[in-house]
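In what follows, a single structure is set out as structure tokens and then discussed.
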Amino acid sequence: DTLAVRGLPAVLNCSAASDAPVRVEWKKDGTFLNLVADDRKRQLADGSLLISAVVHSKHNKPDEGVYQCVATIDNLGTISSRTARLTVAGLPRFLSQPEGVSVRSGGTEMLSCEVTEELAPFTRWERDGRPVELDGRVIQLPSGALVISNGSQSDAGLYRCSIDGLGPAKTTDEAQLQVSADSGVEEKLETLQGPVAVAKVVGESVLLPCVMKGYPVPVIRWTLNDRPIDESRERFAVIGGGSLQIVNLTEEDAGIYVCQADSGNMTSEIQAELTVHVPPRFLTRPSNTYAQESMDIIFECDVTGSPPPTVKWMKDGDTVIPSDYFRMKQHNLQVLGLVKSDEGFYQCLAENDAGNVQASAQLIILDLASGPSERNDPTPSAPRDVVASLVSTQFIKLTWRLPAEPHGENITYSVFYSLEGTNRERVENTSGPGEMQVTIQNLAPDTKYTFRVVASNANGPGESSTPLTVATQLEVQVPGPAPNLQVVSVGTSSVTLSWDRPVTGNGEIQTYRLFYSEKGRDSEQDVDVTGLSYTMTGLKTFTEYSFRVVAYNKHGPGVSTEDVVVRTLSDGDSPCVLLLPQSIMVRWQPPPAGTLNGELTGYRLRYRKGLRRADAAEISTSQLFQLIEGLEKGKVYTVRVSASTVNGSGPTTEWIAAETFENDLDESQVPGVPSSLHVRPLVNRIVVSWTPPENQDVLVRGYKIGYGIGSPHAHTVTLDYKQRFYSIDNLDPSSHYVITLKAFNNMGEGIPIYNSATTRPQSDPIDPDIDFYELFNNPYTPAPDPTPMLPPVGVQATVLSHDTVKVSWADNSLAKNQKITDSRYYTIRWKTNIPANTKYKTANTTTLFHTVTALKPNTLYEFSVMVTKSRRSSTWSMTAHGTTFESIPSSAPKDVTVISKEGNPRIININWQPPTEANGKITGYIIYYSTDVDAEVHDWVVEPVLGNRLTHQIQGLTLDTTYYYKIQARNSKGMGPMSDAVQFHTPKAEPSDKMSSDQGLQVKPGHPTLPEHGIGSNMGKQDDKRVLVIVVIVSVGAFTIIAVIAGAVLCTRRSNSHQKKKRAACKSSTGSHKYKSSSKDLNPPDLWIHHERLELKPMDKSPEPNPVMTETPIPRTAQDPAAEPSHQRRGESLRHEAEESRRGRLALYPHSCSCHFSSLCFCFWLFFSLRCFASLNPNSNTAPLAWLSLSQTYETDELSEEMAHLEGLMKDLNAITTD
């Protein structure tokens, strides 16, 4: 950096050396200078820049700025120098004139010379027209002021300050310094100049002024970070009567410096911070790199400095802008997918407040080896069937098959990929020879990439595969926890919550769900919030609540925050005054709606000590609370608050008094048990008195009294920490009340003390007026315990964790301090009601509490206690309930099944059931799938599913690929274990028509589905058969219509007697066909063909005893080895189907024909049709297609049996009609 003077020349040095010719150019503020058009600037022979006459004025500063020289070698590259700032000193002028002063002999005085900061180095002092000689006694401060310590008569004279070196010298007016004799009169300690914050660079010097005046002459000492400075060290010296000079600064010299002055009757301290900057320094420099196109390289650049330097990269003099292919990780530069244009010089430039440095390196792109056409040795052909078998948000897994012509062994592969639409490719090599898959990592979500694969053998790389374009999945991410959750109680029934936006999460936060519950209760309530804060009202007074927040985005709920517990305020706290030893926390609520009269801008809080109005201080805040600090202990302060709008302040609250504590009491623990609790029962009330805990060093903020008939938890009263007695009113006569008392502070509630009393009967005199002072000093002592064993009272179940509950109780048969001195013990029993027949579990203890462990998470338990002493036992106490906290699922989702979607083998449906041990409400599932069952978890594709879903569809799978699926459940506490991997192999090809789609049903073992082209491989024969079938169907249809019309006419002409004869003949024709005699049952059976489903059924036999199930209806080609034995399995398969059809799935009932003539015609038609079908191709080894929609399918022998059966039936019908 250079400080120039207006009108004088300035030189900026720059030199570049190389064997090749170098062209040097200059930049100012990032723009190249045109030196041809500027007659004041020219470039010297060595490359330096000369400014002949610096121009600088108030409105024209053309020469001030940041300069940088750039060196270029044509056809090779460009490098840039580090930057330098040129500053022009202002016009010489003084801001003030020195004034005449008088100094006592041996004292210290200072003469000011006020100039601007850039002019301070040019100031000089003269005495009586001659330069002042500076030494350890007379010094010049960085501001330009002159300090004279240990003054004497030789220092007297006329002093003036001058500015030299910026043209003609300019001086101030003369000021006279007088030296007076020592009179011995005390002089008040006065600070003439104290230290100020300053920043310096390592290796420089600094002068910290500390100029004190007074009598006796003050003694000055310095400390650094509260440690005395050893002035005997070489680099430290106290000069000028107290100023500290440090030379050759190091990083360890930084810190807080304090100047301490002590004159015997007065002391003074002034502190200032010294910051030591360290210029950037390279730990690792970038190095020259040789690489080939499509490769990835990294230029390393590790820099240190203080403050931490900022790093930027430049290529050939231009700043490198981060992109998909130029990435900056820490200080390193990563260039991905090299292209020829990436060649050049790369520079790492580091800069901080102390300076800047640069280092450069050259990148050279090597030419690739000659292509396949230029070599005589054969190279592999292109890899075949390149597919993306696994697609995630940030990685894609590619698989392929061996080239058709590998021309050798140990084939290696390189995958070239690029963003769609760009020519910059990156390359990823397989891990070893023969490996035909690779996973491309660190891709951008929802982005299209183009891939191609090249195989290489010993002769070099071969042909490239056809480019494949694949898009990564859209990133699905639920929000993280909302940080900085804060809950502040602002009233007796309201709290204010605030939080920050989650750091992690994809997409806009749609809503925040605030969950809260009363402490000790199992149920949790929630409310939706759109902002980052919320004030909740309608809560109970002085009650603890637990709060947590969950953020929701379009993908569902995120991670919950930790629970925050807060207690609402008591009735006596308004606004709210929280006492501390030397501070007061004040809280309040905003004015009622409709009374603001403008937009609320904040609050004004005034406080004062006692009632002294003049000492009132004011604080402005926009919060609903304020901590007032720095107060005196054991003093009464009064506080009031007013709201402010843009129109001004509104009315104030009443003055509220609060007294700070006398001592710094401990609040890191809860208070102890109160030392005593006394009760005096009357007819309708019980008077209670107590003494505080024995440990007076623990802060007590108040007391809680609980009372009720048989249980102390029916009613609760909160009292001030100063109170020592209380009257419980409105009680029932002749009733046994259990009373508990416990002290509390901000850490929680202490251990309770128990007592009980029975109110007097109604016939007793009216309750007298109680003298509380007499009662407190003469406490009532209750009667001895009754002989029968009473059950424990006040049973409480406090949930501690997901599997632990602490059960506590009180024993009325013990002394008031609840101390057990005999051999009694307690039995605790517990169980859950799910399932209903669960048995009780028990445990014994000799204390008044027991921790039950090994419970199930998120389960409601009931607890009760009984006491046993010698041979006497009490009954079971009243039941207490508690629900254990949720825990992460301890089992995985079960019954995971994968089914291919009908008609689209690229889509699968995955189904599952919830975990057996969910341990809480399931909020979501995560489906993992991969083609490698042994891959790391982060390499599996992830798809989230909401917790109310038990099925999910996954699309875009690759055909003929084995996938593995796992499912993981989550609840509010975290993720459970993964299920076992379920394997599913996708089909080899998609259906070519609708028929194949219809046949693509999942079948039972032993019932394989058919190929989409029917039975057999002779498609020409099948076409002939189809034509013949169509002709037969049309002919038979026409015949049927004529026959039905004729039959209807004949049937209507028959007499009733003739019909009876026909019914009798029908009965005698077969003993197995019985029909009721009612005319309603004479309707013919339904012989129409069922068309709900159209099936192709093969009818050939097969000797294969064990048919194999085909999972999905995939058409197989002749090359497919699995297709060859398929026709051998069909006969056996269809024999099973025919047997199953005869058992209950018949759509045709030839044995059920009635005696109508129309049925006779239909049976004849069926007989004729079957005859025609059987004679279509008697020599073929495969039967024709059965296009009738029959649920029963016949083989050759079975078909003959059925036709013979029809012939017998026709004979019976002929006999009936002839009768």
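Residue numbering: from 1, along the chain as shown.
For all residues, glycine too, the Cβ spot is worked out from N, Cα and C.
As a summary of secondary structure, the domain 'Ig-like' (1-87) carries 0 helix, 37 strand, 50 coil according to DSSP. Sequence annotations record features per position, and here TrEMBL assigns domain 'Ig-like' to 1-87 (among others).
The domain 'Ig-like' annotation in TrEMBL covers 92-178 (among others).
The residues of the domain 'Ig-like' (203-275), classed with DSSP into helix (H, G, I), strand (E, B) and coil, number 3 helix, 41 strand, 29 coil. Residues or ranges marked as domain 'Ig-like' in TrEMBL: 203-275 (among others).
For the domain 'Ig-like' (280-364), the DSSP-based tally of helix, strand and coil residues reads 3 helix, 52 strand, 30 coil. Feature annotation from TrEMBL assigns domain 'Ig-like' to 280-364 (among others).
Here TrEMBL flags 382-475 (among others) as domain 'Fibronectin type-III'.
Per DSSP, the secondary structure of the domain 'Fibronectin type-III' (481-571) breaks down as 0 helix, 41 strand, 50 coil. What TrEMBL lists as domain 'Fibronectin type-III' is 481-571 (among others).
Summarising the annotation, TrEMBL assigns domain 'Fibronectin type-III' to 572-663 (among others). For the domain 'Fibronectin type-III' (572-663), the model's average pLDDT works out to 73.
The annotation domain 'Fibronectin type-III' is assigned in TrEMBL to 673-764 (among others).
Per TrEMBL, domain 'Fibronectin type-III' is recorded for 791-887 (among others).
Sequence annotations record features per position, and here TrEMBL assigns domain 'Fibronectin type-III' to 892-989 (among others).
Among the features that TrEMBL reports, transmembrane segment is placed at 1027-1052.
Per TrEMBL, the feature region 'Disordered' maps to 1054-1138.
The compositional bias 'Basic residues' annotation in TrEMBL covers 1055-1065.
Positions annotated as compositional bias 'Basic and acidic residues' by TrEMBL: 1088-1103 (among others).
Residues or ranges marked as compositional bias 'Basic and acidic residues' in TrEMBL: 1126-1138 (among others).
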Quiz prompt | For the domain 'Fibronectin type-III' (673-764), residues assigned helix / strand / coil by DSSP | solution = 0 helix, 53 strand, 39 coil
Quiz item: Given pairs 6 or more apart, does the domain 'Ig-like' (1-87) have at least three Cβ pairs under 8 Å with the domain 'Fibronectin type-III' (791-887)?
Solution: no
Quiz item: Taking the domain 'Fibronectin type-III' (892-989) as the reference, which of 92-178, 203-275, 382-475, 481-571 gives the largest number of Cβ pairs under 8 angstroms?
Solution: 382-475
Self-check item: Most Cβ pairs under 8 Å with the domain 'Ig-like' (203-275), selected from 92-178, 382-475, 481-571, 791-887
Solution: 92-178
Exercise. Pull the DSSP breakdown for the domain 'Fibronectin type-III' (892-989) and write it out as helix, strand, coil residue counts.
Key: 3 helix, 54 strand, 41 coil
